[in-house]
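Some features that TrEMBL has for this protein:
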- B:1-24: signal peptide (SIGNAL)
- B:98-132: repeat 'NHL' (REPEAT)
- B:382-415: repeat 'TPR' (REPEAT)
- B:430-451: transmembrane segment (TRANSMEM)
- B:477-643: domain 'Yip1' (DOMAIN)
- B:493-514: transmembrane segment (TRANSMEM)
- B:534-552: transmembrane segment (TRANSMEM)
- B:564-584: transmembrane segment (TRANSMEM)
- B:596-619: transmembrane segment (TRANSMEM)
- B:631-653: transmembrane segment (TRANSMEM)
């Protein structure tokens, strides 16, 4: 919190007063309603926190939506006591008796709001950077002195809002990147986009009761707006994992398109008084106590678009130390070969391990593929634990029917001779009912204080995960394993509502990142699924990288934002070549988005795994060998691009897309005739 | 791998879904039905698009013969016609008042010559429009005294080739109202049956007429929707919690060729459509899925989802109507999102469904390339094994066919393949088999003869000769039960022999569990719960002994407990005697000859029954009628003992569960 004397500026003719200024930008604030405006001094473009009076002339909404439209924030408050906790109401600058205090120092401006009727207050700080504007809501600035408390906060909800007549789009972090064009026809059947960064909380049972929702969780806390030749990309730099990204089409609340961060301070959850009663809705008591900061980075000209946004976000990750150096060039593209050892099945009176690929058979698979022309590969081996996934805590000795420790060692050393790393897949987050440790001490807690329990499975506290993994790493080191492919670490951070105090997602993320770094140090590599933004600096490979949209009505176009950010820094792959819904199109998408190939193979027929891994519907390696090698050769032709960043991506026609790399190489993919071609650039 | 837990759960429970299912996939999973459960498969249909088309409340959808999509929009009083690209072409229903103006239309049907019949619900009539969209004629309530007291509020309708209309009127339980082309009433058609419950039966039994009159009448459920296929079959769907006959496939005579069966995912059907191959599509609120069935109503695939707050393509909010066009695209009207959603068949889906069509038509050879393409992409789908099994059977690759049919648990196919394999084997090995059999019988006869001789010559100690005598009695009893049991009554059978017999019986039982031929015991052997199998074999026998002893003691039977045990053991002889040949036969015969197995089993059962009755009679020294009576009482006593056992077990389990839950409460919750 800033301290100092009150700042009482004199507004100019338009009602705004100059607050901050640096070489590139100037920040203006209206003292009366605290609206802000940022002027880009290079081209004079003015971004405003709210639509101008002129724009509002045609606005038809009344009441609260109109008030919000004129406010730099909208704060939803609730009660955490009493029978009916579902009542929500909103505070904004039009709320009665609001008191405003402003402080200015050499860092920035702080505006404190106080609502005496509800006894709630908050403070917003603005700073200018060389890239643009930083907006911060310090947790110390939040005052909850009565029965009402903060639920969520929409921060600058209408910053850069646009009408459907303007040219441009909203950018939302759906899958690899989603665009909502202002002239979109589909937006009118949508009811907006409002999703939590990194997915909704698994600890909140209320999130389970919706039927059927299946979507791409947000993997990076970024959103943006493009209007004509100007754009901004906003990065949730602090507390982003406890926020929603919210976008609205016109016609729902107002007649504007808008996108903003919706900061979550409390969640509503279902509280079960007794086993028989229906659960009642209640609000989380303790606040998620974290500073929130959003950095708006302004872009102009050619950079005003999703490619520019991606580059700007990449710069942010670099400046932040998350992305350090580009990958080393390779002579051949790496193939990630997943091999399924097997898994358990409950048979009569015993646990039956169904074997799909033993270690010697795995050797045979790799060697035969190598003979056919797969020149560079890494192997990820699944199901090696004693009895597979039965008893998640018992891993050693390595499953006997696969060959046990000795065959595992032999396999790893055979592969070493071929210059192939062997990585073991494992899960240290889920603990099943066969495990020894008790849920009371090791499981994370839901908001209602009970252990999070998914049908007899529970989610380990991060420290438990780390402890288990450390033990395993020591043993895997002896075998010669070159890394661990982690389930969950790159996908699902969570809050732990431990009775002793909430550990937020930040804590989980720190623990997970520490584990990833330790794994790299000890074994050589660590990899994850999905690759949420917090993990990208700590992994050597990302699997099931976001590549498809959530099929939202609202999102008209899917673009490779996240691939542009990471290509050349972290290798990533999409779904396995043998498990695609659409074989050709998904292959082409992998080429377009610069992914590396991956296959999921077994030695035996996958039919044997019908009751073990029914999702592995076709994996017998001989069946796929030819297709795999053919695809590998296609990917290998692009091996020169492995360590390069993507500099541009364009849609040529409805079916043709071009991706341009650092050295000028263009990869043109045509979904119409199912082909792609490469135009070598000057540097190649 | 645990991530997949979420998907497994999805497959089983549609209501509970773990959030953060983070895999890059369609917004819904696709499943196939393998005869007992839904398993995952790659997409058969993918969401293609959703069209707003300025609809306000689409309530019915019909795909015309030219693949145009007709949507009844209740709120705007229009029928909207969409092209195959989903763009509106024209609307039916005049703006100005007049005969062409619709009012809240709820149903639409397009004939093969492009006449559009609209259930003009608000105007209580059926309006007919021409292919050009101009109003042609209308049908008001038919003039007949039969309908005098009823209102005519049509909601859904179909028209057959002769121009006869089948109209569902608002919440009418009489079935579909049949109207001729001239608007004459032709009677009701295809009413649902009233559901009889035990309660209503009891009520009928005990209540008098006046009381019955006060009860709410047990009426059949109204039909919710109706479709017609190319062959003129009429499909009625009935929503709500209506499992049996939820979809009925009616011929002109009103006979249901689905035979009132309960469909998988058929408890909340909204609408059905039938494609040109005769495959049935439905959208079901209860399972919240779109489902595909074969011509016999056997479930094939399920995909899509229904979610109140849907914001995604492929996920429906409140589906109201469904249609299939000639390219097998599925069109669904969704009144919550006010859209028409379109699903398109994937390459894989097209392969698998083409294969199924050819399979159903018996064109096995033609189906082969399709099955092979499916097999290349998915080995889990059970249909492949049935399909390719049939292909191999056709091609004379009986060995392969056998394996595939077994994998698919297809008993009929397996039997056919087995018949061929057996014939082949017999032809090649006939001499060997005959020689082997002769040799086997020779060895057995000679062996028995030698054994007898040896036993006759050899002098045994008293102990061993006693055992031998008891064993001989055991064999003797089977064919001479009265004499045998009488002998038993006087002797004290050595416990060793009793135990030996019981062990032998158990061994035979275990053998029959694991070694019975596939045709007569088609189960996955690794999933057999042996203890349970034996429990249901041993427990009845033990309770019989207890009950028999108790009952007969009370009824002045003479038998001692030891005698009852002995007798009941010896009475098991037919089981031992028949089981081994049955076991061998079950591995040799096909379904064509299953009558042999059936007969032998019946003989065995009757014989066993006779043995137990004779045993009771002899041991307790009853006369015949007493025996029958007391045997009946024994059976009743067995029932009582079991009931008591269940109650005790149930209560103690509850107690256990109480403590277990308490333990869990303490250890998992704070």
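Glycine is no exception: its Cβ is also placed from the backbone N, Cα and C atoms.
Packing against the transmembrane segment (B:564-584) from elsewhere in the chain are residues 473-475, 477-478, 484-485, 488, 493, 498, 501-502, 504-505, 508-509, 511-512, 515-516, 541, 544-545, 548-549, 552, 597, 600-601, 603-604, 607-608, 611-612, 614-616, 618-619: each is 6 or more residues past its ends and has a CB under 8 Å from a CB in it.
Away from its own ends, the transmembrane segment (B:430-451) comes close to no residue of its chain (no Cβ-Cβ distance under 8 Å at least six residues beyond either end). The helix, strand and coil residue counts that DSSP assigns across the repeat 'TPR' (B:382-415) are 29 helix, 0 strand, 5 coil. When DSSP labels each residue, the repeat 'NHL' (B:98-132) comes out as 0 helix, 14 strand, 21 coil, counted as helix, strand and coil in that order. Mean model confidence for the repeat 'NHL' (B:98-132) is a pLDDT of 92.
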